[in-house]
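Each remark here refers to the structure printed beneath this line.
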Amino acid sequence: MQWRSIVVGLLVLRVLLNCLVWLVFGLGPSWGFDFPIKFTFNLHKIELLKDGDGATVKSNAWAQHMYDNRNPQANTCSQISGNSPKKSYLSFFQEGRDEYDRKYSSFPDALKVKMRGMARDMFYFGYDNYMKFAFPEDELNPIACEGRGPDVLNPSNININDVLGNYSLTLIDALDTLLVLGNVTEFHRAVKLVIDTVSFDKDSTVQVFEANIRILGSLISAHILLTDPRHPFGDIALKDYDNELLHLAHDLAVRLLPAFENTSTGIPYPRVNLKKGVPPDSINETCTAGAGSLLVEFGILSRLIGDSTFEWVARRAVKALWNLRSNETGLLGNVVNIQTGQWVGRQSGLGAGMDSFYEYLLKSYILFGEKEDYRMFSAAYESIQSHLRRGREACNEGEGDPPLYVNVNMFNGQIMNTWIDSLQAFFPGLQVLNGDVENAICLHAFYYAIWKRFGALPERYNWQLQAPDVLFYPLRPELVESTYLLYQATKNPFYLHVGMDILESLEKDTKVRCGYATLHHVVDKSKEDRMESFFLSETCKYLYLPYFYLKNYKHLYKYIFTTEGHVVPIDQRFREKSWEDQFPCEEPNNEPPANISNCERIPEERRYGLPLKSIYMRQIDHMVGLS
């Protein structure tokens, strides 16, 4: 019985220590995640992005000053001594061999083949059942084996109606995944089905953000891949293809344009009716990510068709949001009034309502080469590191908890709540793209620790209570995406094991009669009858890619994924703007304001020949001319 007394004594001691932490720092008990995983392996060199003039864009060492502007008592953990040498992320994987090393330091080729097959089978089980039981409806109900479309009886059901527009969503969203899996025959069949059956002339009210990333982005991606003379996925040319996917993308974008009208800030309305424009009862509030994550798709479309309209309205929205950031912290809130510019939601974080805003600042720079996009991203990243990051300075050394990014008040940086959401798991992948691999490795480990505990990521996790706040998991891809990007950056076989773990968890806990179902409860594994389109467009794609390698697929390093996982090339033609020849700049200035080019300071009437409120009708006339 003596050992029991010792154990009880130790537990009591930890409770007392946690109470002391609560009293001193006001943040409660430790998060309780430590990462004893240590490996030995050779890290591949990470190629840094270069801008148009050849200058190397280096990652910024935020850690050296992240505590300068923060109240020390706001930290949960002590800093490393100033005399302690800061280790490179290389050191994370160069410790002595132990049980973790033996388990994770290799991944046999035969196991890669098995995982590749499992990921492919997972995709086709969902895709084939969608085509069999659901097409042409938007989604598959995998338990009932039937299709799902908009909830026409309950227009206020935005959980469904924001996404489903009665336009075969899942088929469109999955187009480029078929190519990644190498199925050219089915890709051609799917493209023909989209061309022959899909119309956006629907009395459907959809969220601008969702229609943009899921539908517009996929149509553009598939068109680019079909017409790319370099044939990155082999010779996939479709006989008699006449840019129909691009015309569909243009038509949809035109129908989204009314969201940008009659808004005094330039920030768009959150929803439009595809046939009638902005609904008369539309609210004047939108989230930062929803309004500020249109630039990649709208920008590519503008450069493909030579019409600046779409990129201009998307950039104007980004600029408007950027100008509303806090003067004290540099942070943005999560919900804004599009007419007054007042922040309705003052929470600043990395998850829902904000995530892809940051993502698209960086990806827009990578695609379009606009240096102001990267300057905005860099400033935002520094604010994030200064005000959202908590924990010890380095991941694998020093006292206290591993780093974590929390939700704070945008104006003063004070913690607003003690939960993080599953969408934040995208951020390690973005850190990889920015060259901050060290922080990416550490943050990814935190989310993977949660996955290991539940076999899924709960929608919200309370890091103070170490328990889920919101228990469902709708097959989201963010952790898988970051896992893939970290594997590409490090080539560490540990991330292949992570992918295998996620794959096997999904196969075990979410597979049902006709597909893969949302987990209603990550603990008891009860399910909801819904398979969202991003499961096929993102989750399965990112699960497949780490285990796949062929010499003629090395070009994927020259591509980037949109926030919906659609493949687009990093192409010189997207760094050229044909409309600048049509509207040459007067009085050129070397310092354009924010991310609006010099030409965009020319009055709208001179650029377009008519005010913005009439652009929509002009685009309709243009589309009629194309038909």
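Cβ coordinates are placed from backbone N, Cα and C, and glycine is handled just like the others.
Annotations in TrEMBL come from automatic prediction, not curation.
The Cβ of E210 (active site, proton donor) has 20 other Cβ atoms within 10 Å, all protein chains considered. The annotation active site, proton donor is assigned in TrEMBL to E210 (among others).
Per TrEMBL, the feature active site maps to D355 (among others).
The active site, proton donor feature in TrEMBL is assigned to E459 (among others).
A 10 Å cutoff on Cβ-Cβ distances gives E478 (active site) a total of 25 other Cβ atoms nearby, all chains included. Summarising the annotation, TrEMBL assigns active site to E478 (among others).
Take the CB of T563 (Ca(2+) binding site) and look out to 10 A: across all protein chains shown you find 25 other CB atoms. As annotated by TrEMBL, Ca(2+) binding site applies to T563.
With a cut-off of 8 Å between CB atoms and residues at least 6 apart in sequence, the same chain places A289, L423, Q424, F426, F427, T563 near D355 (active site), listed in sequence order.
Separation of the C-alpha atoms of E459 (active site, proton donor) and E478 (active site): 12 Å, rounded to the nearest whole number.
Here the Cα atom of E478 (active site) is found 16 Å from that of E210 (active site, proton donor).
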